[in-house]
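Here's the structure, in structure tokens; my notes come after.
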Amino acid sequence: MAAPAATTAGEPPQPQPHAPEPGPGGTKGGREDSRAGRLSFCTKVCYGIGGVPNQIASSATAFYLQLFLLDIAQIPAAQVSLVLFGGKVSGAAADPVAGFFINRSRRTGSGRLMPWVLGCTPFIALAYFFLWFLPPFTSLRGLWYMTCYCLFQALATFFQVPYTALTMLLTPCPRERDSATAYRMTVEMAGTLMGATVHGLIVSGAHRPHRCEAAATPGPVTVSPNAAHLYCIAAAVVAATYPVCSSLLCLGVKERPDPSAPASGPGLSFLAGLGLTTRHPPYLKLVFSFLFISAAVQVEQSYLVLFCTHASQLHDHVQGLVLTVLVSAVLSTPLWEWVLQHFGKTTSAFGIFVMVPFAILLAAVPAAPVAYVVAFVSGVSIAVSLLLPWSMLPDMVDDFQLQHRYGPGLETIFYSSYVFFTKLSGACALGISTLSLQFSGYKAGACKQAEEVVVTLKVLIGAVPTCMILAGLCILMVGSTSKTPSQDASRRLSLRRRTSYSLA
């Protein structure tokens, strides 16, 4: 393909004489661009596998950590609130820090992002294991779990930020990036399904009803060593996925930017870039809308197991309901990717609304058939709520680049700041909601909770996610939304990436 004519600084490249406009069918140049940006099936799968450990660990903590802290570690609800809030805040605070250091780090032979992923792997595996370890002392357990959860969340951030930012460096083609994102989401959800299945099956023996039937007193039940041992086994299995999946990611995925070419625009420091991105209207709309939506999903996940255990007669169905949520999310992800491609990303956001009436139905009628229907529909909505922002973020970066001629480091800034705000919202939502259990009289380790606790759990599983989802969708639908770059814009961005767009 012929090189573009030289231009003066600050001017866009001039079109070649008689060069046909690239169309969907593709001219020769369009076909060459398409081939250059096309990702192999193996690359997409390996890229998806790289995110599996964090998703498995996040799923396990989302569904089971709160129950573990309350009923196995038997920490008061107020301390559990601090543990969850502190851990989420540490993860959120680590996002801009990770973006700052990654933005300033030098490129190595394996890239600029990959060394961060590989370097965090052994430490995050250890932090995750000790998060589920029951220490022999009781008075300082709250501090123990606060420390472990903060370390895990911070390390998970230093793993996740470069991994997700790698999407922008796989290919300059927006359609291929969306495809890679769909592969990532599907593989991650499949891994999450397997991990949640293994974790749930291993620890199910620690929460069987007979432990309460055999209790001689109505107070808290003594935790058996077997229960703590089961959680340690589950933690070890999940922790082992980190080195395995990170190795496959390193072997199957390579960063694409060419660091040898000069930049077409000035580089940005992290703080200056953060200031610019937070003033970009389409990005602000995405962030504020998913502040509420992601918090709603986290609350729904965190309280599903507690609701089934203490506010309904569904304790025998906990594992089945968790699997139903995850299976429906895995199966619906390819469908949502098709909807994104054919009907647009804003239209697809209405799929999140489907969760609303069913969440209210579960709180009102906590019967097993209703619970399984709600779990299935919730999985479908969770799939689009997870896929949508990661499909829209690359478009935000492209839209920003078309308006500003800044070169390196943008994707790290966009991704790290987005994760920072969503984690901060989740920290506030989980911290406040768990604190409400303390005010309602939740007794750690007790077999039967007071009626006020039951009502609180129904509100947390129904009304709270409903209000958050409605607020988030209202923000997302107001005004114009940044669209996927056109073929011509995509070609210009592809040229700029080949000559300047690099983290180096």
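Yeah, the Cβs are placed from backbone N, Cα and C, and that goes for glycine too.
Given the structure is predicted, the values throughout are model-derived calculations rather than measurements.
The feature compositional bias 'Low complexity' is assigned by TrEMBL to 1-11.
The feature compositional bias 'Pro residues' is assigned by TrEMBL to 12-23.
Look at TrEMBL and you will find 1-34 tagged as region 'Disordered'.
Per TrEMBL, transmembrane segment is recorded for 113-131 (among others).
According to TrEMBL, the feature transmembrane segment maps to 143-166 (among others).
TrEMBL lists 187-207 (among others) with the feature transmembrane segment.
Here TrEMBL flags 227-251 (among others) as transmembrane segment. Residues 46-47, 49-53, 56-57, 60, 68, 72, 110, 114, 117-118, 121-122, 124-126, 128-129, 131-134, 163, 191, 195, 198-199, 202-203, 205-206 of the same chain lie 6 or more positions beyond the ends of the transmembrane segment (227-251) yet place their CB under 8 Å from a CB of it.
Under the heading transmembrane segment, TrEMBL lists 286-306 (among others).
Same-chain neighbours of the transmembrane segment (318-336): 59, 63, 182, 185-186, 189-190, 192-193, 196-197, 200-201, 204, 207, 301, 304-305, 308-309, 348, 351, 371-372, 375-380, 382-384, 386-388, counting only residues six or more beyond its ends whose CB sits under 8 Å from a CB of the stretch. Feature annotation from TrEMBL assigns transmembrane segment to 318-336 (among others).
The annotation transmembrane segment is assigned in TrEMBL to 348-365 (among others).
Here TrEMBL flags 372-393 (among others) as transmembrane segment.
Sequence annotations record features per position, and here TrEMBL assigns transmembrane segment to 413-432 (among others).
Long-range contacts of the transmembrane segment (453-478) within the same chain: residues 285-286, 288-293, 295-297, 299-300, 303-304, 306-307, 310-311, 346, 349-350, 352-353, 355-356, 359-360, 362-364, 366, 429, 433, 436-437, 440-442, each at least 6 residues beyond the stretch ends and with a Cβ under 8 Å from a Cβ of the stretch. The transmembrane segment annotation in TrEMBL covers 453-478 (among others).
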Using a Cβ-Cβ cut-off of under 8 Å, list the residues of the same chain that are 6+ residues beyond the ends of the transmembrane segment (348-365) and lie near it. 293, 300, 307, 336, 339-340, 371, 373-374, 377-378, 380-382, 384-385, 388, 458-459, 461-463, 465-466, 469-470, 472-473, 476-477
Contact set of the transmembrane segment (286-306) with the rest of its chain, CB cutoff 8 A exclusive, min separation 6+ beyond the ends, reads 59, 62-64, 66-67, 70, 318, 321-322, 325, 352, 355, 359, 375, 378, 382, 385-386, 389, 392-393, 396, 417-418, 421-422, 425-426, 428-430, 433, 457, 460-461, 464-466, 468-469, 471-473, 475-476
Residues of the same chain, at least six outside the transmembrane segment (187-207), with any C-beta under 8 angstroms of its C-beta? 45, 48-49, 51-53, 55-60, 63-64, 67-68, 71-72, 224, 226-228, 230-231, 233-234, 237-238, 241, 245, 309, 315, 318-319, 322-323, 326-327, 329-330, 333, 383, 386
Top Cβ-contact partner of the transmembrane segment (143-166) among 113-131, 372-393, 413-432 (pairs under 8 Å): 113-131
Non-local residues, at least 6 beyond the ends, that sit with Cβ under 8 Å of the transmembrane segment (413-432): 81-82, 84-85, 87-89, 91-93, 95-96, 98-99, 102-103, 153, 157, 160-161, 164-165, 268, 270, 273-274, 277-278, 283, 286-287, 290-292, 294-296, 298-299, 302, 389, 393, 396-397, 400, 464, 468
